[in-house]
Amino acid sequence: MGTHATDIFHENVSIYLVSFIIARMVFVFLHILHATWIPLFRASFMNIAWGVFIPCVIWIVAIFVPSNWVNIAMWIAIAIEMLWTKIMPLYLRFGRKTKTQDEIVVDTTRENTPANDPSSPTSPTTSSSPTSPISPSSTITSRAPHKAMRTRGTEYQWKWKDLFIIFDTNQYRPALNIEHYSERLGLFAIIALGEGVLGVLYTSYNPQPDGQLGKAILGLLITYNLHWIYFIVDGSKQFQHALRRHVITGLLFGMTHFPLNMALVAFGASLGKIVQLRDFPGAHSIPTNEVGSHALVAESNSPSESTPTEVDSHNDSYDPHNAPLFWLYSATLAISLYCMGIVGVLHKGLDEDNYLRIPKSYRIILRFIIGTICLLLPLSKVNSLNLVVITSMLSIFLIIVETYGRLRKGLPLFGKCEDDVIIHPEYKKYIKWRWGNKDLNKGTWSTGILRKRKNKKEIGMDDKLIFES
């Protein structure tokens, strides 16, 4: 499937579509097996399976439609799957209505102990039980889990009508591993940013530094700055993650990564094309005969078809033929900053109002302002080198403001290090660390000297870290 991903714009797109459909249908089959063997989560698994199967039907239709309709069909399938994965959890979350009298105790007893055995500590507790030390509401849950693999011959045995119980809100839903889910999104964002790193690679036959090299270096700098902004989150010292804050903020957090990753990939692809452009001063002196397809030079700009004066005047000015590429570069960079700003808003900052030098709201607003400036840059009709220079300077400015704004207010920006170094006769210099207090002048000190106590009567060892300069 990956080898034919670039064929979606050609007639042999069917190979890519068939490979993708097979992979997704295996996913559907696995969820049906899970629904068969784990009955209390059956509705949730079938909900996920239908959310994948319905778009697969559209993907199958895309194989037989005309080539100019393939992209439209694929976008419809992607939109349905994205909306399904976000709307259905909201329906199951807010549509669940369980009556109190229907709640029973979770069965955590051994196999040979009945669930409703009065002697069992997990038996149902009622208000009439005089020996109950706790209230009934503290020992009840919505459903009693059963042994997942023992469904044959019971009411939980698989029935084919269970394929359509996607709207059953009385069953369990699998818990979301927040740390794992957040890590996966972050890793995928790194992969998308890697497209920008690959985009700055080009073949140069010029022994001297030129504008292409400058664009490649600045493009790599922009990619690193985007990486910094993404993983700095909202810039707060302490914050509540969007996945933990609320179900809506959690869904928006996952949904925002979809346009973010698309924008990062498109930004990296456009950056690679911009690096190869030769519309900057002095580009006519760069050898092009050996470069071949690695340089985007218009045929009319070759030395054999135009005079040196014409080449100079064209390479030093704005080329309207490159406008779509410039708009793609600027728009995707702006969308990336917008999405990172939205992610910062979804997280809840727990710092005090006057704790940091620049409040969170100002730093988040600056991301949107910088993104808007980047979006409107093609209107100035600058060449590719100036475009990359301006966007890189804007990203550096944003990083400086974000880094400075995250510093604690009221503390010196630069401190003296001489007071933090001590000399010990047996060791080299050690750094003394202060712990805990906001006022550094009233902090406690840790000398950091390694202490080993080995006696015949003592077995333990008391080690402390050594910090050598």
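Note that Cβ sites are derived from N, Cα and C of the backbone, with glycine treated the same way.
For 13-33, 45-66, 72-92, 185-205, 217-235, 247-271, 326-350, 362-379, the entry in TrEMBL reads transmembrane segment. Per TrEMBL, the feature region 'Disordered' maps to 108-148. What TrEMBL lists as compositional bias 'Low complexity' is 118-142.
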Please work out whether the transmembrane segment (72-92) lies in contact with the transmembrane segment (326-350), by counting C-beta pairs under 8 angstroms that are 6 or more apart in sequence and asking whether there are at least 3.
no
I'd like to know if the transmembrane segment (13-33) touches the transmembrane segment (45-66) in this structure, counting it as a touch only when three or more C-beta pairs sit under 8 Å and are separated by 6 or more positions.
yes
Is the transmembrane segment (13-33) in contact with the transmembrane segment (326-350), using three or more Cβ pairs under 8 angstroms as the rule and ignoring pairs under 6 apart in sequence?
no
Excluding the flanking five residues on each side, which residues at least 6 beyond the ends of the transmembrane segment (185-205) place their CB within less than 8 Å of a CB in that stretch?
212-213, 215-217, 219-220, 222-223, 226-227, 230-231, 253-254, 257, 260-261, 264-265, 267-273, 275-276, 286-287, 290-291, 294
Hey, which bits of the same chain come close to the transmembrane segment (247-271), Cβ under 8 Å, at least six residues off its ends?
82, 86, 89-90, 93, 176, 181, 185, 188-189, 192-200, 219, 222-223, 226, 325, 328-329, 332-333, 335-336, 339-340, 342-343, 346, 388
Against which stretches of its own chain does the transmembrane segment (362-379) lie, if we need a Cβ under 8 Å and a gap of at least six residues from its ends?
229, 234-235, 323, 326-327, 330-331, 333-338, 340-341, 344-345, 387, 390-391, 394-395, 397-398, 401-402, 405
